[in-house]
Amino acid sequence: MRKIKKVTPYLFLIFVFITVIFSFRANPFSNVLSGHDSSMFLYFGKGISDGLIPYKDMLDHKGPILFIIQYLAVLAGFGNFSLGIWLIECLFFLGTLFFLYKTCYLCINDKLISAVSMTFLTPLFILCYDGGNYSEEFALLFISISLYFFCKIFFKRRVSRVEYLLIGFLGAATFFIRLNMISLWVVFCLFLVYINLKDKNKKLLFQQVKYIFLGGITLTILIIAISLFQNNLEEMFYQAFIMNISYSNSNLSEKINTAFAFIELLLKSGVFSLVVIFFVSILQKRVGQKNRFYFVLCIYFVVNFVTVVLSGRYYTHYLVTQFAPLVIMIAFALQFIVSTIVGRKRNLLAVIILLTMIIPITISSVRTYNFGFNLKPSLDTEQTKIIAEYINKNSKKSDTIYVHNINANIYLLSDRYSNSRYFVLPSINYDNFPSMKKEFVRNLYSNRPKFIVVRKQLLSDGSTSSNLNNEVLKALKNYDQIITVKSDNYLLFKVNH
């Protein structure tokens, strides 16, 4: 029985790891193509490997660290993008799982409950990773490592200089993925300043500030140096920061609706009740040192949730960064239930019973992602491959194409690049960005793509300027439709000379 109890936590963790990595679109058994964002990121990785310059030759509003990860995926797969990104995702998820588990164990000193806390997140991992290769997925590893170090400060007060340097370095890495994902560093660093000033421990504060700053500034200088070398610093700053902020604009009503949508998801997943139990449990505790940690954890949870809903868009992958504070709250809640209500002698039985809460949504998630991706290819996948194959066989590698408002899979499958850096248009109103609109139109004629692919819906949607449909429809007057290529969703056009 002791051996079973000893190995059970690791069995739970293995279950989470295997279940989640085979829910990724890129897994070896998958019969679907990359998702919208994933295909764009892989286009960046492939482009970098072929000598294209990020932000100058390819436009997107994510930070440079994300595209470096995609480049590493291309290298890891030796040209097989799906295999490469899956291997990278497996490594990142393994690291995330390891450090979130270690953080839970540091907080509650119980291996079984720490592992079960991770298991409670399984359906959310599957649903919110949404097939994988999102910026939040990679940032979560950096957040998890840094959260572990911050927790060490609270519970052990033994953090080495290297760990402080890593906190700063990983904070900068997260900042250069997307700037609105750094709430962990903002909250915990401000709290460290407050605590050390309150305790009159200025020497320790100076050491913490010095090494965290050195870690952050080291990566920042490195990123700036690379951008200066590539002569894309201005473009990088504009797209990764200015455009990103513009993309996140929304009104209060949209933010509130998004918040309720995410809360509903937490309710369906069964973890919201555990968050409530966590808040109830801390009201009953009077533990001096831990009270500080509970307070800062709650602040971090709230501040991070605000950043999740800031854009006013309900994209499930936005919730991924919330998993770091969420899993700790789940661990504390489970510990409270087991120790206060059930009793520690029956903790294994108790947590297994509690896990029944997430069985329905876990089964639903696995059916949608694991089985849905790995059984048979969709019609859209097959037709996309047919279009890409036609382009590949009827053009030279030096020829350019343009795929309008779909994704980047046709570029990747056909081994062709876009005629401009606007390979997939970001979801912004181009009436508010006249210079970008002008550049897009100029490239559409000065560097005319040999093929243009559009959705069939474009013809029925009519001429709208906000998403540049009107400009593409004008350009198509100089193109002939390839009627031999059949597709339910897309139309293929070839330039007429």
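Just so you know, glycine gets a Cβ as well, placed from its N, Cα and C.
Under the heading transmembrane segment, TrEMBL lists 7-26 (among others).
Here TrEMBL flags 68-100 (among others) as transmembrane segment.
If you look up TrEMBL, you'll see 112-132 (among others) marked as transmembrane segment.
Annotation source TrEMBL lists transmembrane segment at 138-155 (among others). Using a Cβ-Cβ cut-off under 8 Å and counting only residues 6 or more beyond its ends in the same chain, the transmembrane segment (138-155) has close neighbours at 65-66, 69, 92-93, 95-96, 99-100, 102-103, 106-107, 163-164, 166-167, 170-171, 173-174, 177-178, 181, 184-185, 188, 192, 289, 292-293, 296, 320-321, 323-325, 328.
For 162-177 (among others), the entry in TrEMBL reads transmembrane segment.
As annotated by TrEMBL, transmembrane segment applies to 183-199 (among others). If you look at the transmembrane segment (183-199), the same-chain residues 6 or more away from its ends with a CB under 8 A from one of its CBs are 143, 146-147, 150, 153, 167, 171, 174, 205, 208-209, 212, 292, 296, 299-300, 303-304, 306-307, 321, 324.
If you look up TrEMBL, you'll see 211-229 (among others) marked as transmembrane segment.
The annotation transmembrane segment is assigned in TrEMBL to 259-281 (among others). Same-chain neighbours of the transmembrane segment (259-281): 120-121, 123-124, 127, 298, 305, 308-309, 314, 316, 318-319, 322, 326, 329-330, 332-334, 336-337, 340, 357-358, 361, counting only residues six or more beyond its ends whose CB sits under 8 Å from a CB of the stretch.
As annotated by TrEMBL, transmembrane segment applies to 293-311 (among others).
Distant neighbours of the transmembrane segment (323-342): 100, 103-104, 107-108, 110, 113-114, 116-118, 120-121, 124-125, 128, 140, 143-144, 147, 184, 271, 274-275, 277-278, 280-282, 297, 300-301, 304, 349-351, 354; these residues of the same chain sit at least 6 beyond its ends, with a Cβ under 8 Å from one of its Cβ atoms. The transmembrane segment feature in TrEMBL is assigned to 323-342 (among others).
Annotated transmembrane segment per TrEMBL: 349-369 (among others), in sequence order.
Segment contact holds for the transmembrane segment (162-177) and the transmembrane segment (211-229), given three or more CB pairs below 8 angstroms at sequence separation of 6 or more. The listed stretches are 112-132, 211-229, 293-311; of these, 112-132 has the most Cβ pairs under 8 Å to the transmembrane segment (7-26).
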